Amino acid sequence: MNEAIIQLDHIDITFRQKKRVIEAVKDVTVHINQGDIYGIVGYSGAGKSTLVRVINLLQAPTNGKITVDGDVTFDQGKIQLSADALRQKRRDIGMIFQHFNLMAQKTAKENVAFALRHSSLSKTEKEHKVIELLELVGLSERADNYPAQLSGGQKQRVAIARALANDPKILISDEATSALDPKTTKQILALLQELNCKLGLTIVMITHEMQIVKDICNRVAVMQNGVLIEEGSVLDIFSNPKEALTQEFITTATGIDEALEKINQQDIVKHLPANALLAQLKYAGTSTDEPLLNSIYRQFEVTANILYGNIEILDHIPVGDMIVVLEGQAENILAAEKALHEAGVDVSILKRGA
């Protein structure tokens with residue numbers, strides 16, 4: 001089991017503006033393990049970016065304790081490292097942002113080299129390092145191009161290479177794909193996953209999009225109004241969300257809310273027979289391998305009309321979501337529901353026949 005590389009314990013962040021007191025983060029505890037791709041999700045103003053800025057002490061908390069890679073960096077209201085030690089700790093943490101922050105008058109390789117200006121490497125070693133980094137992010141052929149000659153995705157690749165220049169153990173991505181189109185977003189996420197595997201890089205993803213969490217993260221924390229309201233593995237959160245906001249994020253990411261709107265307009269649902277019901281089935285892991293609907297027909301003579309179906313792979317585990325009309329004798333439907341529950345399927349009744 002991997003050890004925690006980032007420990008944020010009981011973090012409070014309060015801002016004072018004249019007579020106003022703004023509690024941006026309230027008593028948040030988050031532990032992120034070495035090698036995690038950890039998502040922190042929430043709407044604008046949730047406090048997620050403010051929270052993550054305390055990892056490298058770009059933002060000092062009001063209260064709480066911060067431990068990064070075994071070193072306590074903040075405790076008892078003050079920074080625990082010397083100025084030199086803090087600078088070194090910050091070199092272990094790379095950051096990428098929504099806006100690429102590249103220098104327009106410098107080429108791609110010069111932008112990456114800029115991050116090495118305080119490195120102890122020789123000039124030749126720096127040149128080799130820059131070439132290696134651009135190859136790592138798949139941009140070696142664009143080394144001599146200026147930012148104006150690059151697409152949004154290519155600019156973000158340069159920014160990632162620059163963030164990796166000092167061999168960080170942690171990479172923080174603050175809405176880094178928000179300005180990109182869907183295809184480019186997928187390419188950047190695939191690159192981050194590759195870097196996570198190849199370098200053992202711990203990645204912290206700040207986002208307002210649960211789709212990104214679903215695509216890349218293994219754990220997720222959900223924030224609302226400065227409070228951490230839910231945290232766990234992506235599989236657990238997606239298959240069994242407890243908070244209303246989490247459920248809202250997930251229905252948006254899976255598209256099931258749009259599917260339900262269309263399903264409710266279908267005649268079969270509008271005029272549901274007395275011996276039928278509309279149900280949502282959620283299942284994970286080995287349950288996705290079983291022909292369960294076929295089984296309940298054979299055992300209980302309950303038919304299932306599939307109106308919507310979707311299977312996602314979350315952290316290498318299949319998770320399914322299905323909306324069906326179950327039809328049969330009332331006692332048989334009850335028996336079928338019980339059998340589905342026993343097989344590990346969560347059954348939610350959306351509508352009963354009149």
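Every residue, even glycine, has its Cβ placed from backbone N, Cα and C.
S44 (ATP binding site) falls within neither a helix nor a strand when secondary structure is assigned with DSSP, and so counts as coil. Here Swiss-Prot flags G42, Y43, S44, G45, A46, G47, K48, S49 as ATP binding site.
Marked as domain 'ABC transporter' by Swiss-Prot on the basis of sequence analysis: 8-250.
The Cβ of Y43 (ATP binding site) has 13 other Cβ atoms within 10 Å, all protein chains considered.
Shown in sequence order, H208, M223, Q224 are the same-chain residues outside G42, Y43, S44, G45, A46, G47, K48, S49 whose Cβ sits within 8 Å of the Cβ centre of the ATP site. Taking a C-beta cut-off of under 8 angstroms and a sequence separation of 6 or more, A46 (ATP binding site) has the following same-chain neighbours: M223, Q224, N225, G226.
In this view, the densest Cβ surroundings among the binding-site residues S44, S49 belong to S49, judged by other Cβ atoms lying within 10 Å.
Considering other CB atoms within 10 Å as the measure, the emptiest surroundings among the binding-site residues G42, G45, G47 are those of G45. Confidence in the domain 'ABC transporter' (8-250), given as mean pLDDT, stands at 93.
Secondary structure from DSSP puts S49 (ATP binding site) in a helix.
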